[in-house]
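Asks: For reference, the structure I am asking about is given below.
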Amino acid sequence: METATIDQPDNNKKGKKNEHMSKGLKRTLVILNCVLLAVGNTAGPLLSRLYFHGGGHRQWLSSFLETAGWPIIFIPLIISYHNRRKHDSLAKPYFMTPRIFAACTVLGLLTGLDDFLYAYGLAFLPVSTSALLISTQLAFTALFAFLIVKQKFTPFSINAVALLTVGAVILGLHGSTDRPANVTKGKYFMGFFLTLGAAALYGFVLPMVELTYMKAKQAITYTLVMEMQLVMGFFATLFCTVGMLINKDFQAIPREAREYDLGPVRYYVVLVCSAILWQCFFLGAVGVVFTVHTLLAGVIIAVFIPVIEVFGVIFFQEVFSSEKGVALALSLWGLASYSYGEYREAKEKERARVARESEATDIVGGLNGV
């Protein structure tokens, strides 16, 4: 049974993704995690912006919501454990080692800081501008993946990094044209650079997650990936909870709900849905890193920029300036360049694999002839 296979760590394959996973199961996990990442990446920012657009003012609360949905992961983990118990009455309730727990603790705290940077930036930026700035995460991911996990740069990935960087610069030089009401120029640029900082930091976190997989000294199963995300989500939420306590956000929530433009009921709906959908984003991100690699997560985040742009214009009546149009075109060009490079590399690897198999077959045939 496929689910039993993926959940059985093999200590002889330390630091490797589970090689017993069937092609069908892997394809299912790839699709599932890509969908989770796409949904969370699109709906999460829109709901966070809706919180501020409707009268919310608590940056620590907004950052808290980005990972507060971590208990949801207990549901698939309990199902996975119950499934393992059917086949092995002595099955362990968890696979995480102290080494991985320590790494996830650090990554969780970094994610909490990233949540705060992003939430603080989004408080002063249109969601369309924020999305374009977050697209530079692909460039940071490519850079850190090269430095940390030795993923190779190609002419196509270098071109993508350059185009995304130019797009961010264009937005920075013409930033005053789309400032939300009651946001000063100083606050706008603070939000601008904090959002860039958030993109850079998460571009660092994703390769560090992959490095954790590589250095785990045990087989990496999807169950272990969910355990890692649960721990990361817990410590990221803990980081933001401390900020909320210092800022007295918990005491302010009832008052903010009463004064919310859309009413108190919709206020709490926005908070709950935001927590759930952001958890889809983070679980999908680490899942894509597990099933494929780091850079694909960055690509998926970048590819849904136009969707966020369109929804930002429709729901929040944001101005789609010519500078945003140019930045969006450069982002899509960069994405196309990177995707084509990945396609060519995959084709070359497939040809090399077929050539090796053909050579091995010829050698075996020659020996049999002798």
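Including glycine, each Cβ sits where the backbone N, Cα and C put it.
Feature table excerpt (TrEMBL):
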{"type": "REGION", "residues": "1-20", "note": "region 'Disordered'"}
{"type": "COMPBIAS", "residues": "10-20", "note": "compositional bias 'Basic and acidic residues'"}
{"type": "TRANSMEM", "residues": "29-48", "note": "transmembrane segment"}
{"type": "TRANSMEM", "residues": "60-79", "note": "transmembrane segment"}
{"type": "TRANSMEM", "residues": "100-121", "note": "transmembrane segment"}
{"type": "TRANSMEM", "residues": "127-149", "note": "transmembrane segment"}
{"type": "TRANSMEM", "residues": "156-176", "note": "transmembrane segment"}
{"type": "TRANSMEM", "residues": "188-209", "note": "transmembrane segment"}
{"type": "TRANSMEM", "residues": "230-247", "note": "transmembrane segment"}
{"type": "TRANSMEM", "residues": "267-292", "note": "transmembrane segment"}
{"type": "TRANSMEM", "residues": "299-320", "note": "transmembrane segment"}
{"type": "TRANSMEM", "residues": "326-343", "note": "transmembrane segment"}
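For the listed features, I'd like the structural context: burial, neighbours, distances.
Replies: Counting same-chain residues at least six beyond the ends of the transmembrane segment (29-48), those with a Cβ under 8 angstroms from any Cβ of the stretch are 21, 62, 65-66, 119, 122, 127, 130-131, 134, 222, 270, 273-274, 277-285, 287-288, 290-292, 297, 300-301, 304, 307-308, 311-312, 315.
Below 8 angstroms of C-beta separation, residues 44, 48, 51-52, 94, 111-112, 115-116, 118-120, 122-123, 223, 226-227, 229-230, 232-234, 236-237, 240-241, 243-244, 247, 249, 253, 271, 274-276, 278-279, 282-283 of the same chain, each at least six residues beyond the ends of the transmembrane segment (60-79), sit close to that stretch.
Only residues 6 or more beyond the boundaries of the transmembrane segment (100-121), in the same chain, are considered here, and those with a CB under 8 A from a CB of the stretch are 48, 59-60, 62-64, 66-67, 130, 133-134, 190-195, 197-198, 201-202, 204-205, 208-209, 212, 215-216, 218, 224, 228, 231-240, 243, 282.
Within its own chain, the transmembrane segment (230-247) has Cβ neighbours under 8 Å at 58, 60-61, 63-64, 66-70, 73-74, 77, 96, 101, 104-105, 107-109, 111-113, 115-116, 279, 282, 286, counting only residues six or more beyond its boundaries.
Outside the transmembrane segment (267-292), and at least 6 residues removed from its termini, the chain residues within Cβ reach (under 8 Å) are 17, 26, 29-30, 32-41, 43-44, 47-48, 50-51, 54, 56, 61-62, 65-70, 72-73, 111, 206, 209-210, 213, 220, 222, 225-226, 228-229, 232-233, 256-257, 260, 300-301.
Nonlocal intrachain contacts for the transmembrane segment (299-320), taken as residues 6+ away from its ends with a CB within less than 8 angstroms of a stretch CB, comprise 34, 37-38, 41-42, 45-46, 49-50, 53, 126-128, 131-132, 134-135, 137-138, 164, 177-178, 285, 288, 328, 331-332, 334-335, 338-339, 342.
Beyond the ends of the transmembrane segment (326-343), by six or more residues, the same chain brings 132, 135, 138, 142, 154-157, 159-164, 166-168, 170-171, 295-296, 299, 302-303, 305-306, 309 to within a C-beta distance below 8 angstroms of the stretch.
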